[in-house]
Every structure is written in structure tokens, then in C-alpha cells.
């Protein structure tokens, strides 16, 4: 472990779980109680998909998806110990720490993404939280990418209120900060950042007037109840996130979650469907893990209400289907890419 990683105080997993249970229990009058969400998960598969597709059609064109591209603008060396992440300095996953990319490199990637049909460009940096000196070059990236006509999103770790406002002033459209999992399961995955830390950052983003991109990861060994708990936390935000990425764990050798039993594919589709029903107006994004999904499974995810995919060869440090394969699949399903005449 490097010195940067050692500077972060580690909270015991049990303390995190206890705090999460006490602090983040949903009120009795919550819009979606965990039991209600769990009842959706328990519906017969066809009934659940039928209901999700109905909700989807009431809010979106069911045959259109948004293509998003995600670029790692600062890779590796992160001080956090997220058990799924190869970019953590706590894990020996073979990811080298790199410095922040230059503006010209980022703009070249953004131009290529737009030429390939993406209408949304996301930039991720492996920081616990950005230092103020890091923010100015990121704001330059946001301004220049936005000037290309692309929707902008960044994920930089925890933010202070004033940093969120600076990003808003730079024209940022979305800020991504995932909850990852339910409050109860959280301490088994991360011990260097509390659930409340995540909620505080989301609050700063919302207060600054930036759209919230917030979702989670499934397939980390959690129970169905934990998946229901994650969705309930998201759906009870006021308002719920405009953008909800659902990731299927990509297991990377050298991370603590390597070797975790894989999630049943139909359970992943159920998670997409439940997200669509509980957050009807959100963009539900089919995110990490798509490379391991066959075309039939991806088609079921679209039926369940997913209306965005991450597009390009890499998602931060993990693989993703080739753009040509994605275009061919969408064409076979008669699904149009938003804003792309291809």
C-alpha cells in the first residue's frame, strides 16, 4: 500500500454497517419502502418486465437509447479501498497510477466519441476528492466538451459545496456519485468513506443545480434484500436521480471481490426493471459488465427499461463491447441511438 492510501483513516466495517442502519433507515411514509421494492423483485419475471415496459413507454420512446462514452482522465492511485475497484491503491490489481490527462487528449477522445454517435461524454478521475488545484483543468475540460454539443458528466469523488458550485458555473450537466449498494451491505465493500459522505456529496451537487447521476453495483455478493435497499435509497431521494447507472460487477484479479459468485443474469434484468418502475423519469443506464452479457440478455435489459448504454472499448479500466458490435445489436433490435444519424 502506498503512503497516499495510508493517509485515509479506515473505519471498521461493523461500525459502518451499524451507522448505516441507524442513520439511513427509511421513514414509515417513504415513497418506496424496502419491502415494497422487494415485492417488485419477487414478481413473476414476465409480469415484472411487462410492468416495467409499460412505465418505460409512458415516459420515454421505448425504441431509443442514449449512447454515452466514459473516459478515465486520471487513472489509479485512489486512496479509497472500494472492494470492487482495481484503481484503489489498497489493491494489487496491476493498475498504475497516472497523472491527470492533458486537455488536448481529452478533447481528442471527445471528438472521437461524438463521431461514433455518443451524445454524452463522461470523465472520471480516481480521487477520494479533488484538490482545488485539480478542479480548474477539469472545468476547462467540461467547458470545451460542452462546446462540442455533448452532454457532460464528471465523477471525481467527494465534493465540497463550493466545488460543486464551481462545476455548475463551468456548465457541467451531470455529476456522478454512486451509492454502490444498500446502507446495510455497504460496510462489507468500503471502509474508507461513509454512506453519509456519499449522500453529502449528492446533496452538494443537487444544491448547486447540477443533475444527479447516482446508481450502484450489483453482483458483489449482496442479497436481493440489499439490492432492494439500494433501489429504495435511490428512489426515495427528493427528487430521485435524473440518471441511474446500474453496474454488474466486473471481477478484477487482485481486488477483494475477485472470485465472488456471479449474479444470476435474470436477477440483473430484474434490477433494471425495478429501477425503471421506481424511478420512471430517470435515464436508467446499462453500465459496467456489459462485455460479459450476450445479446439476448442486453435485449431483455432494454425491454426492462434501460435506455442508455456506455459505448466504447473501455469503462475506466474495464472492457466494454466494441462500438461496431453495439451498433449492429441496436440495428437488429430496431433501436435508434439518440441524435445519431450513423
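Cβ atoms are placed via backbone N, Cα and C, with glycine included.
When Swiss-Prot records 122, 213, 285 as binding [2Fe-2S] cluster, the matching candidate from 153, 301 it lists for that site is 153. A distance of 18 Å separates the Cα atom of residue 85 ([4Fe-4S] cluster binding site) from that of residue 122 ([2Fe-2S] cluster binding site). Averaged over the domain 'Radical SAM core' (63-290), the predicted model has a pLDDT of 90. Here the Cα atom of residue 82 ([4Fe-4S] cluster binding site) is found 21 Å from that of residue 285 ([2Fe-2S] cluster binding site). Each of the binding-site residues 82, 122, 153 was ranked by the number of other C-beta atoms within 10 Å, and first place falls to 122. Cβ atoms within 8 Å of the centroid of the Cβ atoms of 122, 153, 213, 285 (the [2Fe-2S] cluster site) belong to the same-chain residues 68, 70, 120, 155, 174, 176, 243, 245, site residues excluded.
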